[in-house]
Amino acid sequence: MTTVTHPVPTSDAIATPWASEQTITCRDDRVGLRAVIAIDDTTLGPGFGGVRYRAYPSTEAAAREAQRLAAAMTLKHALAELPYGGAKSVVVLDGAAPAPGSPERRALFARFGQMIARTAGSYVPGVDMGTLLEDMQTIRDDGGARAFCDEVSPSPFTARGVYAAMRAAAVHHHGEGGLSGLRVVVQGIGSVGEEVARLAHGDGARVTLADIDTARAQALATELGGDTVPTEAAPFTEADVFAPCAVARVVTRDSIDRLPARIIAGAANDTLDSPDCAGALQAAGITFVPDFVANAGGVIQVHGGVAGWSPEETLAAIDRIGERVTGLLAAAEAEGITPVEAALRRADAALGRTVVR
């Protein structure tokens, strides 16, 4: 375990000491920095993952989230066949966030960039919840660290991948008609969820939308000829497909017997509240497309920019998410395992590791 601090962090900063290749705590009282970098696995390349900037109840909670999300990035990159490992970082927000472009915010991310630079390229950050493109530019320009600073929003590409996954699952269940005539509930009408709804509607689905911004949800529903439901009711609304594109851990053991949709495929990370939900969903006859497979379109687009792919090459690579889902569902069915287990086995093979589950 490598620790980069100024000064020494508190002892509870590491949530699970051996959960990642490296868990690095960062602190600088001069700029109000408290952060955790989790580098989960670098077998396939440097750890790539976004920087989250939000409040946490404790340093342990911050470290736990960084480690959990970093592990998901490892799986996402392995299954998308990208040359990156998994990593994630969190910067702990204490009070109101400094305004974009303010000296305080620039100083914070410049210092964090200096600490990222000490990983010698093992961690490459990007935009995530609470951070902006200009924060990544500060990390790169003022902090001296490599960072992904693509000015193209990944949201439409993430949505395209989710749609490809959703459609593949629908074909698996219903045949070549895809989403035509099916009812799709989209929970979370942000930049990704809105595009998922548009793509599903364009494929002939009837959409139901849910968002805490009820006016936004209603406006889109009116445009697409759909309807709306309260956010908390979305998982339990009559549908063929449920697409969680907002909060994490929306599927719990207690909720599974009340889920009407036979397919779950969305953009939200950590859709399942606990690992045993995968088996419970399968027992209930519900096909769950692992989120780390479905929502990989954004990271594929980022890599396409770095690798110099043409727009057509990038879109083709994202569309192959549908082919992967088709293969995973077929393998899961043939082997009598869940799609999550099928995905984990493929990731383990790509990473050259043997895991007893």
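Glycine too: its Cβ is placed from the backbone N, Cα and C atoms.
Per TrEMBL, the feature active site, proton donor/acceptor maps to LYS88. Listed in sequence order, ILE37, ALA38, ASP40, GLY49, GLY50, ARG52, GLU65, ALA66, GLN67, LEU69, ALA70, MET73, ASP128 are the same-chain residues at least 6 apart in sequence whose CB falls under 8 Å from the CB of LYS88 (active site, proton donor/acceptor). In the three-state DSSP assignment, the secondary structure recorded for LYS88 (active site, proton donor/acceptor) is strand.
Taken residue by residue with DSSP, GLY190 (NAD(+) binding site) is part of neither helix nor strand, so it is coil. Residues annotated as NAD(+) binding site in TrEMBL: GLY188, ILE189, GLY190, SER191, VAL192, GLY193.
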Given the NAD(+) site GLY188, ILE189, GLY190, SER191, VAL192, GLY193, its other Cβ neighbours within 8 Å of the Cβ centroid, in chain order, are SER155, VAL186, GLU194, GLU195, VAL196, ASP211, CYS245, ALA246, ALA267
Have a look around ILE189 (NAD(+) binding site) and count the other CB atoms within 10 A of its CB, chains all included.
27
